[in-house]
Number of protein chains: 4
Amino acid sequence: MSKLIFCYGAMNSGKSMQLLTWKYNYEEAGYKVFLYKPAMDTRGSFKDGENKGVIASRAGLEASCTLVYEDETFSKYLDKINDPKTIIMLDEAQFLTEKQVKELYQISLKYTVVCFGLKTDFRQCFFEGSKALFELADDIRELKTVCACGKKATINARINENGEILLDGEQIEIGGNERYKSMCKHCFEREKNKKM
Amino acid sequence: MSKLIFCYGAMNSGKSMQLLTWKYNYEEAGYKVFLYKPAMDTRGSFKDGENKGVIASRAGLEASCTLVYEDETFSKYLDKINDPKTIIMLDEAQFLTEKQVKELYQISLKYTVVCFGLKTDFRQCFFEGSKALFELADDIRELKTVCACGKKATINARINENGEILLDGEQIEIGGNERYKSMCKHCFEREKNKKM
Amino acid sequence: MSKLIFCYGAMNSGKSMQLLTWKYNYEEAGYKVFLYKPAMDTRGSFKDGENKGVIASRAGLEASCTLVYEDETFSKYLDKINDPKTIIMLDEAQFLTEKQVKELYQISLKYTVVCFGLKTDFRQCFFEGSKALFELADDIRELKTVCACGKKATINARINENGEILLDGEQIEIGGNERYKSMCKHCFEREKNKKM
Amino acid sequence: MSKLIFCYGAMNSGKSMQLLTWKYNYEEAGYKVFLYKPAMDTRGSFKDGENKGVIASRAGLEASCTLVYEDETFSKYLDKINDPKTIIMLDEAQFLTEKQVKELYQISLKYTVVCFGLKTDFRQCFFEGSKALFELADDIRELKTVCACGKKATINARINENGEILLDGEQIEIGGNERYKSMCKHCFEREKNKKM
């Protein structure tokens, strides 16, 4: 039976890579896979001054995807489909609106929907999309990555150019390793207290 | 290293039973286990017109626990403790306040804290405590139970005396099998649509 | 669809308790649950000089079960059943023969079969039943318990009356905490080396 | 603390891809990663008539690794190392000998060792390496892939050029999608019975 799956993980936990692996496996099993990404995310996507819609893993693979804007619904893409061997996959799903996640929940009564995304922002608060996904997903899985100390990293710390932890700022600031660092809570709280 | 663990599951997934099992195992390994429950929960606890503080599994076991009120902190219980072989366990953790969960997160830098509770209410929205626990826990685990159809149940449907699904009402209404039914989303949405 | 599930865990990981919880939940969902245990296991079962067939959790619950002898098949119990709402559960499944596990695999094409048992003996070698279950189960889950050091225990160390680790002896020797101790590999290897 | 981790999965579950993702993440966290593969596996590795030692994911990534022969030990590679930020990773670990797995277990008392491999052969029997890894690993994780029917695939069926299931032959026969097919047990048993 179809499911709504949310695979969450800190930055650099290999979410895009896992997504591209699953896509590959589903296609080999004869499925048609639809890939989406909120347009808000621009990493790896910008070419010639334009957000082209690409899901790219840092380790090297990539695939084209459809960009979804905040005010869009998925129905315009999926209404015409009537094939049980259909899978919907999304990357950077933390940037979905609550309304979009509710639509994906409805779609998941018919087709399996697999969302990949962050759990929380740099202050350990939910993004709008991840909150709704944790509420509505019937299957929640963690992708793990490692803190510099060797323990599992669960926190997306925002850092400045000197690698110092930042506690203020906008919730969303698109960036990679120059801007964020995956840490375990023990190292994160130690660093935070040093600063204060 | 110490962790903040959240074990979530639908009603009747055996959360209290699992808690009592872990308590037993930790005590055998030489740990001192502190048990708490938000005072808001009164199931199994009321005796002689008073909420006595009991964690009871429907299948038969029980243990005394300390009741925690909404405006209370844990520090008054735990400040004097200085033994690394200490574990803190909570049942019905969905009823904690956000502030209490943040305190537990701080405590978990020193001692492992294991919370058991529901993920969402009868409308698939977070409780205050479960939202904060999903944000802050560094280890999130699901306890599974089964829908009447055989699939995993993820939804706590509120029902009336005729077993019909209710969609309106207060978020919190303490009750057991006469008031709630664990269902998978496929059965839940089918029932809901019948009603409409 | 029906599955063959193997829930393994070290001694004192709450396997019998988990089994009794699932039984309770399945029965509430309208299922008929068949309980079995290899007759070789006698813990909690002996009454009046006879193995009566009881699955008992150390923390307090118990249920009657059918004892299965080494040369028996399950078909004599299950051939007459023709109800999709049937579940088969087994405790101490490490003591099954390979042939019995293969029969359970065939049964699991029709009904879900849930086996609980140890992974390995006191020398970290498979039991006959657990080897076959790891090979044939389509769902393998770990129940966790804790070493005295706080880490996950994975090894069932056999000990003598002074708590010293034993490395020789028969594979099967029925016993509880006076005879076995759940340990992590770091503590186990340290203790072993002390001895040598 | 260091662990021996075994990540098992049917063919095409993305094991090599997951390995390369973890390698990438560990290196970003400042670890030195040592990659090995049993020389018996030749897929993706042969170049100019020689097994060069390459871990290649079908979806596109690859990395060089050290080939390990059946009669070799790991100590010759690892004895000189004395850096806690060391990780050992192996692909196709089902082809290890029992003796080699026991050596890796000893190494894992000091450094984390992560093995990726198949659980069982085309007749659902353990390989020598996977049997020993299931016995000795302190962390066992499944990588999932999908059967053509949409359920989780757990069986590596060997097929002939017409896609028909083969039940006889040598345990080890190196091959890819032209030789093996990942299936769930329901589809596998149905196909098998058709043949008989």
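Note: Cβ is positioned from N, Cα and C throughout, glycine not excepted.
As the structure is a computational prediction, the values presented were derived from the model and not from experiment.
Residues or ranges marked as active site, proton acceptor by TrEMBL: A:E92. For A:E92 (active site, proton acceptor), the same-chain residues that are 6 or more apart in sequence and have a Cβ closer than 8 Å to its Cβ are A:K37, A:P38, A:M40, A:D41, A:F116, A:G117, A:L118.
Counting every protein chain shown, 20 other Cβ atoms lie within 10 Å of the Cβ of A:M11 (ATP binding site). Summarising the annotation, TrEMBL assigns ATP binding site to A:G9, A:A10, A:M11, A:N12, A:S13, A:G14, A:K15, A:S16, A:D91, A:E92, A:A93, A:Q94.
Within the same chain, residues at least 6 positions away in sequence whose Cβ sits under 8 Å from that of A:C187 (Zn(2+) binding site) are A:C147, A:A148, A:C149, A:K151. TrEMBL lists A:C147, A:C149, A:C184, A:C187 with the feature Zn(2+) binding site.
Taking the Cα atom of each, A:S13 (ATP binding site) and A:C184 (Zn(2+) binding site) are about 13 angstrom apart. Taking the centroid of the Cβ atoms of A:C147, A:C149, A:C184, A:C187 as the Zn(2+) site, the other same-chain residues with Cβ within 8 Å of it are A:A148, A:G150, A:K151, A:A153, A:M183, A:K185, A:H186, A:F188.
Among the binding-site residues A:C147, A:C149, A:C184, the residue whose Cβ has the fewest other Cβ atoms within 10 Å is A:C149. Proximity to chain B, defined as a C-beta distance under 8 Å, is registered for the following recorded positions out of A:S13, A:E92, A:C147, A:C149, A:C184: A:C184. Secondary structure at A:G9 (ATP binding site), as computed by DSSP, is coil. Chain D comes close to A:S13, taken from the binding-site residues A:G9, A:S13, A:C187 by a C-beta to C-beta distance under 8 angstroms. Counting every protein chain shown, the Cβ of A:D91 (ATP binding site) has 28 other Cβ atoms within 10 Å.
Under the DSSP three-state reduction, A:K15 (ATP binding site) is assigned to helix. Under the three-state DSSP scheme, A:C184 (Zn(2+) binding site) falls in the coil class.
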